[in-house]
Each structure stands twice: as structure tokens, then as C-alpha cells.
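As given in Swiss-Prot:
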{"type": "TOPO_DOM", "residues": "1-11", "note": "topological domain 'Cytoplasmic'"}
{"type": "TRANSMEM", "residues": "12-32", "note": "transmembrane segment"}
{"type": "TOPO_DOM", "residues": "33-641", "note": "topological domain 'Lumenal'"}
{"type": "CARBOHYD", "residues": "ASN402", "note": "N-linked glycosylation site"}
{"type": "CARBOHYD", "residues": "ASN558", "note": "N-linked glycosylation site"}
{"type": "TRANSMEM", "residues": "642-662", "note": "transmembrane segment"}
{"type": "TOPO_DOM", "residues": "663-668", "note": "topological domain 'Cytoplasmic'"}
{"type": "TRANSMEM", "residues": "669-689", "note": "transmembrane segment"}
{"type": "TOPO_DOM", "residues": "690-733", "note": "topological domain 'Lumenal'"}
{"type": "TRANSMEM", "residues": "734-754", "note": "transmembrane segment"}
{"type": "TOPO_DOM", "residues": "755-817", "note": "topological domain 'Cytoplasmic'"}
{"type": "REGION", "residues": "775-799", "note": "region 'Disordered'"}
{"type": "TRANSMEM", "residues": "818-838", "note": "transmembrane segment"}
{"type": "TOPO_DOM", "residues": "839-853", "note": "topological domain 'Lumenal'"}
{"type": "TRANSMEM", "residues": "854-874", "note": "transmembrane segment"}
{"type": "TOPO_DOM", "residues": "875-893", "note": "topological domain 'Cytoplasmic'"}
{"type": "TRANSMEM", "residues": "894-914", "note": "transmembrane segment"}
{"type": "TOPO_DOM", "residues": "915-922", "note": "topological domain 'Lumenal'"}
Amino acid sequence: MFLHSVNLWNLAFYVFMVFLATLGLWDVFFGFEENKCSMSYMFEYPEYQKIELPKKLAKRYPAYELYLYGEGSYAEEHKILPLTGIPVLFLPGNAGSYKQVRSIGSIALRKAEDIDFKYHFDFFSVNFNEELVALYGGSLQKQTKFVHECIKTILKLYKGQEFAPKSVAIIGHSMGGLVARALLTLKNFKHDLINLLITQATPHVAPVMPLDRFITDFYTTVNNYWILNARHINLTTLSVAGGFRDYQVRSGLTFLPKLSHHTSALSVVSSAVPKTWVSTDHLSIVWCKQLQLTTVRAFFDLIDADTKQITQNSKKKLSVLYHHFIRHPSKHFEENPAIISDLTGTSMWVLVKVSKWTYVAYNESEKIYFTFPLENHRKIYTHVYCQSTMLDTNSWIFACINSTSMCLQGVDLSWKAELLPTIKYLTLRLQDYPSLSHLVVYVPSVRGSKFVVDCEFFKKEKRYIQLPVTHLFSFGLSSRKVVLNTNGLYYNLELLNFGQIYQAFKINVVSKCSAVKEEITSIYRLHIPWSYEDSLTIAQAPSSTEISLKLHIAQPENNTHVALFKMYTSSDCRYEVTVKTSFSQILGQVVRFHGGALPAYVVSNILLAYRGQLYSLFSTGCCLEYATMLDKEAKPYKVDPFVIIIKFLLGYKWFKELWDVLLLPELDAVILTCQSMCFPLISLILFLFGTCTAYWSGLLSSASVRLLSSLWLALKRPSELPKDIKMISPDLPFLTIVLIIVSWTTCGALAILLSYLYYVFKVVHLQASLTTFKNSQPVNPKHSRRSEKKSNHHKDSSIHHLRLSANDAEDSLRMHSTVINLLTWIVLLSMPSLIYWLKNLRYYFKLNPDPCKPLAFILIPTMAILGNTYTVSIKSSKLLKTTSQFPLPLAVGVIAFGSAHLYRLPCFVFIPLLLHALCNFM
């Protein structure tokens, strides 16, 4: 019956929208590289020693605990406190375990063993009872206060030691990183208790799903504090994102705000981290061996030899993090590296005058210095590029200042080099170094190993090539191509007009090589100059390689840099690069960045259909099918223009002042614009997806009611349609009071769920009664509903009354179907707090704070009355016309204020439901 109310064109549209949504979801959940993280292993059995907390503290936080990680002999030795190492505190995230510390703890222990425990780290971990803090924000403040107490407890464990620490380093995974940042907002917290903060896959900008006001209030408090106190915050902070493999927390949310006064913060995607170069999912980021090795190396380089603790020098801390996480020159970190190096010893000096040079070193018996005079090359070329496949940490490239072909001392240019997976390379613009006379490449004596060194001089215009990307709406039907015929080692393709998050492309690189015996490796690198989100692809030539191009962070308005596609190639190969729009990945970006707003658009569509049903009941006396009204009423032009106009007017000072006087919250569209998340036509696209979801959810709820009614009839004897309509049955006040007491004493979401189940039961019972009645009547397909009404005037009065009741029951079921759709979304949005309450029931019987309690007090009696409401009882209501007018502005309000604040949706939904219930009395 539900499907019969939709024409074939609309049905085809809904199926097509499902297809588009499937493409977008597939790109988000499956359209990324395979997991290239190596598993980190424990070489000894891991042990978690529980740290005894003060009794008052343990009583105040019965669900929380503090542990010290250890293995083997280290664990045995440190069971007897106090400790002697450097304290690091690990904070797990949403549903995270304190045992997630074992990967980095084990690697740090092995590193300490390698240096005979000259320095070592003590890794502590907090047990938050695997709380779902990403879904329920009421415990975030409690976690923050507990961590503060843990820090003080940890520092007491080192009392009396010669090099006792005065602060701890913190590693926060997921929401644990946000809790760590929130420590600074506590009144009694001393900022110098934290010397370093590293967060992994932490959504710093905004919550992934703002399901209650406690989460958004917590974010507002933390971010506002960091912005307003940026000048005084001296905490070195590193945020590492997982990249596209992490579909739970998109990387754009992990980037710390770039503040003019707070320069001690870095944000990077794991695919851009040197010696890591892989994307991680939300869980593997804590055990990915490549990333944990990088983190541990950074920790050991941060140690101050004098204090045997992490350095207090902010500049050094930032330099270490930059060295390991942003740009690695393939050298061990040095705080003050020597710029001038001695080039002495018994070495051979070879003069090279050609512009392109390759040297294959194998079993070299003596050191060789190859010198390249720069004077003549400056006249012809603009840049010099050198690379080496020997990935040791020794200096390998220098420059002479004197004019001779040999120099006793040279400028060490190795610090300006950069490490890639298979090479280390250096690119210099010659005009930036006018005082240099010679370039010197050093080849050490090697035994049993082989490596290749290449150098070439080139003109910028020959290697920096502009490649405009294809238009967004080309849908992959057109492409742009560049053919690289020169035998260069390095190319820079400037991807013009590529800077928005809604853009997505596929680049295909075809390499064709001349006959070579050895395997040739090429590296393709997407470099984003406005954020550290580079990604690398290694390809063997000859080959055809397809690479995805999409962004985590949009290009800032005042940034004029261009995204680059860097190619580290072979001179024996020719390359052909083709770029075209990827429609499926564009849909993926829509889902990735705006999928969380979909519930708001679904509810907006249902409200519009609900309005149509109420108005048809007022104007014609009958309620039309939900699907029919959805098709008729759910139009984007009824909602979007109002939001666009309000956003436009907010640009004027007088309107903004009026807006603030009315105490209205900030428009969600303005928030999205500030986060550079506004797609062209994004609201229209989401509205259409919302219409599709509203249709299929309506179909599902209608089918579920029919199925449940069939089961009811199979289990219970048939029931009759009610002849006496009673809005308030004798048991209704008692049931309402009981549910309100449940809400007050336990959890508001539980009471809402029970009320919802009661409402569904009443609807199922009505459906079963109607089915029983229809089965007991003779079938006459020739008569329509109107003809039945007309003919019934000539029949027995009792039968006339029953037929009217049957028609009214059908109308009531249509209305109830829409109300169930609305209530279902309220229940779904309240479920996180219910799940949290059930998980912590052994510690707390009453959820406090409870985001659903105020809503439950209003919704429980409303649902109780609506469950006993029939359309015949409200047709003549004076309030019906007013009630039918409310859903339209509320549908606009849902989009304006609920797309980025999902917890506001129930507030917009219960208003028309409450008015609907009041129609029974007015």
C-alpha cells in the first residue's frame, strides 16, 4: 500500500539516490589504500601494574583506574616504587582500553635497552572504563579532573629521586587528546605539569557527531580557552591524523587551529610523516609500528642530558617534532648542527662538468668527492637536483665557497635534504646561493653494498609544469594530459584550481622505459603546501599507476600556493600523466564531510510531509499517505532559500546585532563556512538524500507495523475497532507518572524508549484491529472509498458507524506512521546516553548529567496522548490549522540550527507533536 502511493518516476528517483549514496559510502569505507602498518610485537609478556590511588579519589571515581605498563624484568623491578624514569601518560579515547599503551610502551622499552637504560620512559595509562565519550559528553569533565589527579599521583611516585620529574608528557588517542587539552581549563591546574602533548586521531575542531549539548559545550570551553589564552599557552602540541583510512574521525577535524600567538603546535597526517608514510585507521594509529617508532625516536631526542627529563626548551621540542614528523633530512637530530664541515682525509677529488651525472657505487675502497662547478651552470640553469639511494645518516652533500675545485671545509647542505622511502634528495635554487662556487657530493667507501647517486641541473620552466584540473561537473568524461618527454629525474606538476574539499580526481601515470635490466622505482607525491597532508605512492616502472587526489583541508582564502604533484622519476623512462574528475570520490567527500548532517535533512523532510498530512486533514477531513505527502511537500525551495537569506543578512552588522539581541544561536551554515566546508549546492544534495532516506525509512516503518500486527494476530485473538474513542484511558495517567519517575531516577533516554515502544504497541494494535475488521467484511473492488461512504448511508446504522470507524482508522494509521518516523529519530538520537548508562549501571544507577531528561518530561505525556489519538477526534479542533502551519518553519529551523548540532533536532520535533496532542482538548 505504501509503494502504491508513489509513482514510478519517484520510485526510480529514490532508487537512483540510493545508488549515489552507495557510491559515496563505498568511497568512505573502502576507497582507500590497504593497511600498510606493520604490527608491533611485545618481546616479553606485558604487565599492567595498578597504581594505588588515595581512598577519597578512588571513591569519587570508582570506575576509573591508573596503571603502569611494564614487561619482563622491567615490570618486576618497578613493582617496588619509587620510579626513576621519565613519566609518560597515555589517555585512551572513545571506548578505548588502557591496554592500548602496550605498543608504544614496548617499543620505548626496547629502545631503552639498546642504550643500556641510560634513559628510559615509564608509561602510565588511565582506565576510563571504555566509556563512550564521543557519544555522551557528560563524563568528559569528570575524566579531565581525574587525569589531573593522576598527574599529581604520578609525580609523587618519583619523590626523593635525584632527577625527579616536575611534569609529564601525555599521549592522547581520540577523545583522550581532547581531555588532555581540557586540563588547561581547570581552575587549579598548573600548566607546567605537562611538558608535551601528542594526540592521535583526536577531533580537535568539533565533535564527530554532536549528539548532546555536553559535548559541544565541552568543545566550546576547550577551544575558546586555547584561542583566548594562546599568548600564554607554552605547551608544545603535536596532532597526528590517520588519513583517509580513518573514516571514524576525518583528518580535517584533527588539525589544531593555527593561532598567531600559539606557534608551538603542529598538525600532520600520518601519510606525510617521514619513515611512516602510511594511512592508519582509527584503532591502528595506536599500534602502527612505523608511527610508534617515529614517536619513540622523537621522545628520546627530547631528553635533556642535564636533567635526564624531557627538555623545557620549547624551541628544541618543536625542532625535534618537526624533524621527525614533518621533514626528515636523513640525519640524526642535532639541536645546533654544524654548518661548516671538514672535507679532509685521504680522499679522491673528481671534477664533474656535465649537467647530468650518475654514479653507481659498489664495493668502493676509498672515499670520493665529486665537485660540480656552479659558475657556468648559473648562466644556463636555475636549479640543481641531487639524489642518493644510500639512506644512511651521514652527511653526503656539501658546497665550497672558494673558487678552487677542492676545499678543506664546506657548507653542509645535507640538513636541507629530505628523506623519501627509497631516496634522499636535495633541490637548490642557484640564485639563492650566490656565494657558493662548487657543489660537492661525497661517496664513502663501502663494502658489499651498492647505491646510486644522481645529479642534474635544469631550468625551472622545463620541470615545473602547469596542469589545470578538470571541472567538477565534467563527471570524469573529460581529462587533461601532460607528456614528459625529457629524461629528467624530478618534475613538479602544479595542479591549478585544486584547493577545495569537494574536489576529487584520479591521476593516471603511465611510465614507458627503454630496455633496462634492473628494476626502476618511481615515487609520486601529492604535496599540499597549506597543510601537512602529503601522500606518497611508490611505483615500479614501466607501469600504469592510478592515484586519488582529494583534500583533508581546503585552501585558506589568503593562501596563494598551488597543490603540487611531485614526481621522482628515472631518466630511462618517459611519463604520461592524465587527470580527470572522479565522481564517486566527490560523493565520498560529500559523505565524509557532511554525512553527519543527514539526520537533520531527513527530519526536515518528514516534518514537511507531516505538515501536509495535518493540512489535508484540516482542509479535506482525510489524511493522505505519507509517501504522497512527501512527494508533494518535501521540496528544497521551501527550506534552503530561507537559510541562504538569513546567512546573507548575518553579514550586515545591524542584522547580526538584532540576532544577538534575540539570543539566537549561531547559524550552522556560518559555522560550516568558517570551517571551509561549504560545497556548492551541498544543501540541495543533502536535502535530496534526506528525501530519499525519509521515503525508505517510511517504507520500513510501515512494513514493520504490518509485520508486527500480523505476529500479534497470530499470537492473540482478533480484536475489534474501538467504538468509544477515549483520549485518556484509565491506565494512561498511571503509565505517564511511572515513566516520568523512571526518567527522573534512572535515565531519560530509557523512559523515552519505553514511551516509544508503548506508542508503537498502540499503533500495531490499531493495525491488527483494522486488519481483523477488513477480513470480516465482503470485498468489493468496484467501489472506491468515497462510494463506500455514500452507499453506507442506506445501510444499517451500526454498520454505518463501523465503516466510518474503519476509514478513520486508516487515516489515523497514516498519521501514526509519520509520527513513528519522527519519534524514531528522537529515539535514535537519544540512544547514545542510554547505551552509556547501561554500560556504567554497576557504578551509577542514575545518569548525571542527563541530556534527555528535560525532553523526556515533555515527550512522555505527549506520546501517551498521541497513542490514543484518532484523526476523527482532532478534525474539528480549533488548534488544527495552527498546528498544520508549525512544521514548515520548524523544518527550516532544523536545517538552520540542527545540521551541526544534532541534539537540537528533538526540540524542533516535539513542538508539532505537542500541538497535535493538544488538538484533542481544544
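Placed from the backbone N, Cα and C atoms, the Cβ positions cover glycine too.
Three or more CB pairs closer than 8 A are found between the transmembrane segment (669-689) and the transmembrane segment (894-914), so contact between the two stretches is assigned (pairs 6 or more residues apart). With respect to Cβ pairs under 8 Å, the transmembrane segment (818-838) is most closely packed against 734-754, considering the stretches 642-662, 734-754, 894-914. Same-chain residues lying 6 or more positions outside the transmembrane segment (734-754) and placing a CB less than 8 Å from one of its CB atoms are 826-827, 830-831, 833-834, 837, 845-847, 850-857, 859-861, 864.
Residues 597, 643, 646-647, 650, 895-901 of the same chain lie 6 or more positions beyond the ends of the topological domain 'Cytoplasmic' (663-668) yet place their CB under 8 Å from a CB of it. Within the model, the topological domain 'Cytoplasmic' (663-668) shows a mean pLDDT value of 89, rounded to a whole number.
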